[in-house]
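What TrEMBL records for this protein:
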| type | residues | note |
| --- | --- | --- |
| ACT_SITE | Arg161 | active site |
| ACT_SITE | Lys185 | active site |
| ACT_SITE | His259 | active site |
| ACT_SITE | Arg262 | active site |
| ACT_SITE | His285 | active site |
| ACT_SITE | Tyr294 | active site, O-(3'-phospho-DNA)-tyrosine intermediate |
| DOMAIN | 14-100 | domain 'Core-binding (CB)' |
| DOMAIN | 121-307 | domain 'Tyr recombinase' |
Amino acid sequence: MARHGAQLLPEVPRALRAPVEDYLTLIELERGLSRNTVDAYARDLGRYLAWLDDRGTAAFSQVTEQDLLAFRARLEEDGLAPASRARIVVAIRRLHDHLLGEGVVTSDPAAALPPPRQAERLPSGLTLSQVEALLRTTQGDEAVQQRAAALLELLYATGARISEAVGLDLDDLDLAHGTVRLYGKGAKERLVPVGSHARTALDAWLVRSRPALAARARSTDRAGAVFLNQRGGRLSRQSAWTIVRRAAEQAGVEGVTPHTLRHTFATHLLEGGADIRVVQELLGHASVVTTQIYTRVTVQSLREVYASTHPRAIG
């Protein structure tokens, strides 16, 4: 019997309980898992044992794949969080794999049992006022301020990934026609419009501040980058990330990353009535399915507005 964990198991027939006790002993003594981990396994497997016993299952050899699917459905009915359900299913799969290896059973009904789908996390975006607060932190004539303004305006105006932004060369910009050429995943090229505010910020950076930094570059290749560091080389992803983070801290907006601006770009376009296929092209998504998550963001926003403004929405 395991030193820990076994005492947490329910009183069920020996044919069910003994194999689980042996398994807990294995993971505790031979695999060196901590007491807390063993106890967690015991609680999860104990729930499973109690359910099997309630169904009249006398031995693991009687368990079928349909039984396991029914148990997984029961976990959902009981209101367990997706992460908790997934953890329990993983424990059951490992138990049944152990039982097969020990010869307790001749087949493994849990082998093809997929874990519950994790709840989809919708991308978080910023409100327009938060975007404006972020951009206000970059106002000024210093080179670092103009670079930050150009970078943040570009990210919000184009939905560019941070790697796409720092990878830009001067030849990729056509401010006269208001476009920028971005290279996405797999070097896939796309042409994206650039709004007037971003063009103004980019022009200020390129004309007033960038030339002095470009003169410090040790190679003409590095000097061709749009965004430069203090040595005249291409700005790194990490440095660009830091620029965004500092602006967010100064603006008092929490949880902002470069990708937050990409999410915000897409969400604001859809809220403004843009066609999802157009947003797909602007983001460089290979499939519109990837873009559709932003439609759920806007629907959620509509629900929140409705709930807070309609007199009969609540109560």
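Positions of Cβ are set from backbone N, Cα and C atoms, glycine also.
Feature annotations (TrEMBL) mapped to structure.
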| residue | record | DSSP (3 states) |
| --- | --- | --- |
| Arg161 | active site | coil |
| Lys185 | active site | helix |
| His259 | active site | helix |
| His285 | active site | coil |
- [ ] Please compare the active-site residues Arg161, Lys185, His259, Arg262, His285 by how many other CB atoms fall within 10 Å of each one's CB, and tell me which has the fewest.
- [x] Lys185
- [ ] Round to the nearest Å and give the CA-to-CA distance linking Arg161 (active site) with His259 (active site).
- [x] 7
Task: Mean of pLDDT values spanning the domain 'Tyr recombinase' (121-307) - done: 86
- [ ] Determine, to the nearest whole angstrom, how far the Cα atom of His259 (active site) is from the Cα atom of His285 (active site).
- [x] 14
Open item on the list: Please count the residues of the domain 'Core-binding (CB)' (14-100) that DSSP assigns to helix (H, G, I), strand (E, B) and coil.
Closed with: 72 helix, 0 strand, 15 coil
Task: Nearest-integer angstrom distance between the alpha carbons (Cα) of Lys185 (active site) and His285 (active site) - done: 9
TODO: Compute the C-alpha separation of His285 (active site) from Arg262 (active site), stating it in Å without decimals.
DONE: 12
